[in-house]
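Input: a single structure, listed below in C-alpha cells.
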Amino acid sequence: IVFRAAQERSDIEIVAINDLLDAEYMAYMLKYDSTHGRFNGTVEVKDGHLIVNGKKIRVTAERDPANLKWNEAGVEVVAEATGLFLTDETARKHITAGAKKVVMTGPSKDSTPMFVRGANFDTYAGQDIVSNASCTTNCLAPLAKVVNDNFGIVEALMTTVHATTATQKTVDGPSHKDWRGGRGASQNIIPSSTGAAKAVGKVLPELNGKLTGMAFRVPTPNVSVVDLTVRLAKPATYEEIKKAMKAASEGAMKGVLGYTEDDVVSTDFNGETCTSVFDAKAGIALNDNFVKLV
C-alpha cells in the first residue's frame, strides 16, 4: 500500500525494498490486490530486482536492518513497515545502514515521537526517527482536534468499527493472549482493545486523560469507521459542528480531513487519500453538550 501510494506522487521515488519475499512473488503481490485491484503500471523482475514503470528498484532480503547498505541505493527515508523495529534502538539500525530518516508505519513501543497530520505535524523538529501512529489514531486525531479547538472536549469515548486485519484468524484458532481475537474473522463481530484513543493524548496533549476507546473487528476487508461520543465544554448545535468540520476540511486540514454530506457506505472510501473523512449525515446530538460524531 505504501508503494502504491508513492506511485501516485511525483515527489517520492522508491529506490529499494527489503523483504524476505522473493522478487517474483513481490511482483505478483504488487500487480494483483483483492481489495485495491490491479496495479496501474508495468511490473517486471530482472536479475532479482523489480522494474516498475521502467525504473529499477533494488530488492534485498536482510533480516538485520544494519546490513542493508541503504546509502548505496541513495535511500533518504525508510518506511519501517515490518512491525518488528518499533523502538528507537532497533529502528536506528536503518540509520546505521545509511538512511537519513525512518518513519514507523505503526505506533512506537517506546518514547519515539509520534506525529499525525492534522494534529501535531507542525511540531516536527527534524527528528531522524518518528512514528506515524496507527490508522485509527490518524482518523481520530484530526476530528478530535477540530472539536476541541472549537468547542472544547470535557470527556469522550471512541469506538472504532474496524475492518479485518492480517493477524486475525480465518477460522477459530489458538490465541492465548486474546481469546476473542482467535475467533473466525469472517464469522464474527469481535470486541477488541485499542490504544488509538490514548495515543491521541500523546499527539494532542491537551486531550490526555480525557479520551479512551475500544474496537469492534468486523468481517469487511477494508475501511474502518470511528464513532466519537463527546461531552462538549462549550454548547454547540450539530449544525455548528458540521460548519466547523467543513471549514477545517477546506482550510488548514485540507487533504487530511475530508467532509461529506452524501449517503456513503464504507466501500465508497476504498483508496481515500484523506486520513479522516467527517460523515455529516451519520452523526447525532442528544443536546448541545452531548454528541456522537462519525
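Just so you know, the numbers here start at 1 and follow the chain as drawn.
Glycine too: its Cβ is placed from the backbone N, Cα and C atoms.
Annotation for Arg63 (NAD(+) binding site): same-chain Cβ neighbours under 8 Å, separated by at least 6 residues, are Leu20. Annotated NAD(+) binding site per Swiss-Prot: Asp19, Arg63, Thr105, in sequence order, evidence recorded as similarity to another entry.
Ser134 (D-glyceraldehyde 3-phosphate binding site) carries neither a helix nor a strand DSSP state and counts as coil. Within the same chain, residues at least six positions away from Ser134 (D-glyceraldehyde 3-phosphate binding site) with a Cβ under 8 Å of its Cβ are Gly106, Pro107, Thr194, Gly195, Ala196, Ala199. Annotated D-glyceraldehyde 3-phosphate binding site per Swiss-Prot: Ser134, Cys135, Thr136, Thr165, Thr194, Gly195, Arg217, in sequence order.
Taking the Cβ of Cys135 (D-glyceraldehyde 3-phosphate binding site) as reference, residues of its chain lying under 8 Å away and at least six apart in sequence are, in sequence order, Ser224, Thr275. For Cys135, the entry in Swiss-Prot reads active site, nucleophile, with the evidence type similarity to another entry.
The site 'Activates thiol group during catalysis' feature in Swiss-Prot is assigned to His162; the stated evidence is similarity to another entry. For His162 (site 'Activates thiol group during catalysis'), the same-chain residues lying six or more positions away in sequence with a CB closer than 8 A to its CB are Thr136, Ser192, Thr194, Ala215, Phe216, Arg217, Val218, Ser224.
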Greatest C-beta neighbour count within 10 angstroms, which of the binding-site residues Thr105, Thr194: Thr194
Rounded to the nearest Å - Cα separation of Thr165 (D-glyceraldehyde 3-phosphate binding site) and Asp19 (NAD(+) binding site): 20
Neighbour tally for Arg217 (D-glyceraldehyde 3-phosphate binding site), based on other Cβ positions within 10 Å of its Cβ: 23
Mapped DSSP class for Thr165 (D-glyceraldehyde 3-phosphate binding site), helix or strand or coil: coil
Beyond the site residues Ser134, Cys135, Thr136, Thr165, Thr194, Gly195, Arg217: chain residues whose C-beta lies within 8 Å of the centroid, for D-glyceraldehyde 3-phosphate: Thr160, His162, Ala196, Ala215, Ser224
